[in-house]
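Here's what TrEMBL has on this protein:
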ACT_SITE  B:188  active site, tele-phosphohistidine intermediate
ACT_SITE  B:501  active site, proton donor
BINDING   B:295, B:331, B:453, B:454, B:464  phosphoenolpyruvate binding site
BINDING   B:430, B:454  Mg(2+) binding site
COILED    B:231-258  coiled coil
DOMAIN    B:6-125  domain 'Phosphotransferase system enzyme I N-terminal'
DOMAIN    B:152-224  domain 'PEP-utilising enzyme mobile'
DOMAIN    B:254-538  domain 'PEP-utilising enzyme C-terminal'
């Protein structure tokens, strides 16, 4: 099981397209992927879960990955977050 | 015969038959049942599949015409596949609840969670969830979808309100008009009716109490009323009236295809204000000889990220191609202050109308601005494009933007990307300082276009959105006319030209005054063009 903490840096936070991109990416992996914010934990493969976190710009999220492809999964998600989910900023 | 009053939102008269579009509210009880889990699960999967197919169909239909609206449905598909949602449904099923209740309860949990979040965006998503839940329940309970795609001819759709997904499936061939109980001038129904060019009346109270399915209706979208089961006499009156108006309009439109010259032989270019490629067809039908104002801000509003260069390029290219060889004047991004967009962090301003708007914003957000200029330049080889900068106050601003434009041109040359090397550049004259100094500014531009709304607002120092100050909206008063004259004369002295693209350009009272002041071009909403040309020819 791997855990890493991130700060959401893109302007709109984890709304709409960024949330959809994250869910679509997470769903490609076999591992169980969870996101925690302010004590609430949701599956990164659930669009409704991710949206309901209300992670605005500047929020801290903790990603936990558990499964056969956990190393790859965490690396991919890290790239995605650092890339601002493909948003220009 | 009954006469119902409403708000007119799309002009014209229609005579047809009422088709009541009533959405049945689906009732769900919280009883447990003895149906095995697997059986309920199977019904759920089938309903999910059917709902997905419905959404996919809407998505495909919409993708071509309204890609932005289509994105909403793409998100809906993701929601139907949500594992956390299914997990919650399963939880209720395992406790023995009936399937509709399990589904509704699972959705309700998420709806509550989203509703409690602060952002407006999330509240809208909660609204979306109600819609998806409704479709899913309908498919679980086998309640047929009310079919707007297969209406008999001469239908007038009577509804509480129409949503984007209702109208996406609408059979446009057989629909003659809309009447709705809810909605105002900016409602979805109003926008759609205008776009289709069919009459619509919204905001009619007690609609379903007064109209039954199949009733004969006359709707007047110009004055805003609905006549239910009219007498023969009334009906004949309206049939004649409709015929007269249509003939008048037809003649006017035919004449609008030709250029408009005054009696002394001066041609006034009559062009259109548009906001997106969707407006092109109507503008051409109405006789537009080009585009005098392409408002690009609509590409930037109501979204979470700025449009890409490619997206902008496509939007500009299509319009340029359609109007070729006529001119298309693209106004660079004109937002800020009062119009908030989430991906630009505007600072709070005490006086937004006097703040970082339009060109002032672009000079701060250089990358955003350069992307737009690149898209415009790339599109310029596909037609006759001109660039126009909004809200110029002083000479230095033009020098600065022209410098940025040169940099972008240089960049494109370096990459061997073709563009129109002689692309013309103009400014909007909407701040008195620009008009008063037009003789100096003219050396840096190819043309002027006067934005009468803002020019009036800034000249009278009166916020035009403030209802208490409406008495100061005086675009035809002497101070404004003097500023227009100064601008026109300055441009003519240097062999250049001046247009008007504000509200005034399409105002029948103002047209003769503007033409007499020497204005060369009038740009207005397309529907006003036929009448404007008639006025020009008469003077």
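Quick reminder: no glycine exception, Cβ is built from N, Cα and C everywhere.
Feature map: annotations from TrEMBL on the structure.
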{"residue": "B:295", "record": "phosphoenolpyruvate binding site", "Cβ within 10 Å": "18"}
{"residue": "B:331", "record": "phosphoenolpyruvate binding site", "Cβ within 10 Å": "25"}
{"residue": "B:430", "record": "Mg(2+) binding site", "Cβ within 10 Å": "27"}
{"residue": "B:453", "record": "phosphoenolpyruvate binding site", "Cβ within 10 Å": "15"}
{"residue": "B:454", "record": "phosphoenolpyruvate binding site", "Cβ within 10 Å": "21"}
{"residue": "B:464", "record": "phosphoenolpyruvate binding site", "Cβ within 10 Å": "17"}
{"residue": "B:501", "record": "active site, proton donor", "Cβ within 10 Å": "28"}
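A straight line from the CA of residue B:295 (phosphoenolpyruvate binding site) to the CA of residue B:430 (Mg(2+) binding site) spans 15 Å. Per-class residue totals from DSSP over the domain 'PEP-utilising enzyme mobile' (B:152-224), listed helix then strand then coil: 18 helix, 19 strand, 36 coil.
A straight line from the CA of residue B:464 (phosphoenolpyruvate binding site) to the CA of residue B:430 (Mg(2+) binding site) spans 13 Å. The maximal spread of the phosphoenolpyruvate binding site, taken as the longest Cα to Cα distance among B:295, B:331, B:453, B:454, B:464, is 21 Å. With respect to residue B:430 (Mg(2+) binding site), the closest of these recorded positions in Cα terms is B:454, chosen from B:331, B:453, B:454, B:501.
Rounded to a whole number, the distance between the Cα atoms of residue B:501 (active site, proton donor) and residue B:454 (phosphoenolpyruvate binding site) is 11 Å. For the domain 'Phosphotransferase system enzyme I N-terminal' (B:6-125), the DSSP-based tally of helix, strand and coil residues reads 78 helix, 15 strand, 27 coil. A Cα-Cα distance of 9 Å separates residue B:453 (phosphoenolpyruvate binding site) from residue B:501 (active site, proton donor). Between residue B:501 (active site, proton donor) and residue B:331 (phosphoenolpyruvate binding site), the C-alpha separation comes to 11 Å.
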